[in-house]
Every structure is written in structure tokens, then in C-alpha cells.
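Quick look at what TrEMBL annotates:
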type	residues	note
TRANSMEM	41-61	transmembrane segment
TRANSMEM	68-89	transmembrane segment
TRANSMEM	109-129	transmembrane segment
Amino acid sequence: MTRSIARIALALFYLLAGVLHLAIPRPFLSIVPGWVPFPQTVVFWTGIAEVLGALTLAQPWSPSLRKLAGAGLAAYAVCVFPGNINHFMMDMARPDGGLGLAYHVPRMFVQPVLVWLALWTGGLTNWPATARPR
């Protein structure tokens, strides 16, 4: 029950994020690192990935598709982490301090949790509930 609720909550989170990437790309474009080519295309496709990952994670009929979505969303969270770091550095360099440490530090710690949550809700891991076999 807890995993199902977390799965739906995570799917809603990614669905909202994906829709925002597609509907209002400007804030996302502003945090894409300069070394990433074709930032508009990247933001568009990250939005598509979030929407598809969310819908696939939320669907109730195929555990194997949920595993695929969990793996995909976990990989996605790892891949966008450089953008989060870039946003942190650019924002903190602003004269007004941008959103500040109270926003950015928790965000840095939440990213690994999103990776784990995608794997757990997708059914790819039971950690920490189950000990590893020795």
C-alpha cells in the first residue's frame, strides 16, 4: 500500500514537472548548463521523458513496464543532476543570492532520494526493507 501511494505521488510529481517543461520551458532553459547542446530540444525531450515516465510508472497492469519506468526515471534523475548543480552555482552567484541555500541544499539531497524512490516504486529494489544476501 505504501509503495503504491508513493508510486502515484512520484508519478504525479514527474507528470507535473513534464507538463511544466513543455508548457513553460523558459525557467528550465535558464538552468541548462552551457556545455549542453540544443537546450530547447533538451528541455522539450526531458519534458516528454517525464510525462512518459510518469504515465508508465502509474499504470496498474504491467509490473515489467513499471520497472522500466522506474529505471528510466532513476537514470533521468541522475542525468539532470548537473543541471541542478549548475542552477545552484549560477543562482548563488547572483548579487541577491537567488533562491538561497535554504532552497538549493535540500534540493541537492533530494536528488538521490528521487533516484531511490524511482527504483523502489518501480519495483527494482526493496532496500532498505530487505537485507542484502551475503
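Note: Cβ is positioned from N, Cα and C throughout, glycine not excepted.
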(request) Using a Cβ cut-off of under 8 Å, list the residues of the same chain at least 6 residues beyond the transmembrane segment (68-89) that approach it. (result) 10, 14, 31-33, 36, 46, 49-50, 53-54, 56-57, 104, 107-108, 111, 114-116, 118-124
(message) Within the same chain, where does the transmembrane segment (109-129) have neighbours whose Cβ lies under 8 angstroms from its own Cβ atoms, ignoring anything closer than 6 residues to its ends? I mean 6 or more beyond.
(response) 3, 6-7, 10, 57, 63, 66-74, 76-78, 81, 84
